[in-house]
Amino acid sequence: MSTYRKYYRPFIGPFDPCSPIQWKSYETPPQLYLGFQPYNLPQNSPKEALRTGTLWPALFAPYPDPYKVSTSEEGEEQN
Amino acid sequence: MWVYEKKLQYPVRVSKCDPMMAKYLIEQYGGADGELAAALRYLNQRYTLPEKVIGLVNDIGTEELSHLEMIATMVYKLTKDATAEQMKEAGLGAHYASHDKALYFNDASGNPFSATYFTAKGDPIADLYEDIAAEEKARATYQWLINMTDDTDLIDSLTFLREREIIHSQRFREAVEIIKDDQSTKKVF
């Protein structure tokens with residue numbers, strides 16, 4: 001299963017004026033990986049579909065705050 | 001910085017006196033899908049792309065500058081010996097009135113170059129997909145230009161440039177594959 005957000009460590013210069021962001025992230029949403037959508041994928045209930053914006057869980061990609069997520073994960077990754 | 005080599009990436013020979021072709025070729029000089037737009041697009045986007053693909057985008061942006069030189073050479077050769085009357089006949093009267101034989105960044109219809117021809121969205125997928133689309137549009141422009149001339153030497157250079165668009169498109173597609181890949185440090189969330 002592919003992740004819908006990727007992280008990388010940008011180059012950090014010794015003389016950067018602002019305190020560096022250690023990890024940067026970018027979105028890689030599900031449509032990048034699905035190709036031609038297969039038949040008979042699992043479907044959301046009508047209520048879920050209305051709430052999420054898609055009938056297909058395989059195409060559902062939430063967008064959590066990238067700054068929040070990366071800060072909370074920074075510590076774990078740096079060890 | 002750049003290191004300059006005082007030669008063209010591929011030879012440009014023009015064997016037919018056809019100033020009107022210069023008017024069409026200028027589309028690839030200062031047009032929406034032209035080499036200037038391509039070079040500026042990539043050289044500007046490279047700062048905020050993931051590290052793994054910056055080098056690629058830098059190299060392609062640089063190559064676009066060498067294509068810009070080739071187009072400029074074609075346009076220059078086609079117009080340098082034209083009289084004012086010939087410029088008018090070639091549909092370049094308005095250009096001549098404003099610029100004489102000087103090259104100017106505009107499209108084939110005379111619209112001046114604009115930064116709105118390209119963008120930098122900051123989202124790597126959006127930016128790389130735009131780059132792929134730009135390469136395909138430039139390839140198409142080369143096809144239509146080739147269709148409009150029977151100068152075999154000019155066609156030879158344009159065919160080379162068209163092929164480079166194909167290669168660049170392939171490389172940008174590979175860049176998408178690279179940044180789609182989960183990287184070695186897995187994050188769980």
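Just so you know, glycine gets a Cβ as well, placed from its N, Cα and C.
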Candidates B:HIS99, B:HIS168, the one TrEMBL lists with B:GLU35, B:GLU64, B:HIS67, B:GLU135 as binding Mn(2+):
B:HIS168
Output, ordered by sequence, the same-chain residues six or more apart from B:HIS67 (Mn(2+) binding site) with a CB under 8 Å from its CB, or 'none'.
B:GLN9, B:GLN28, B:GLU35, B:ALA38, B:LEU161, B:ARG164
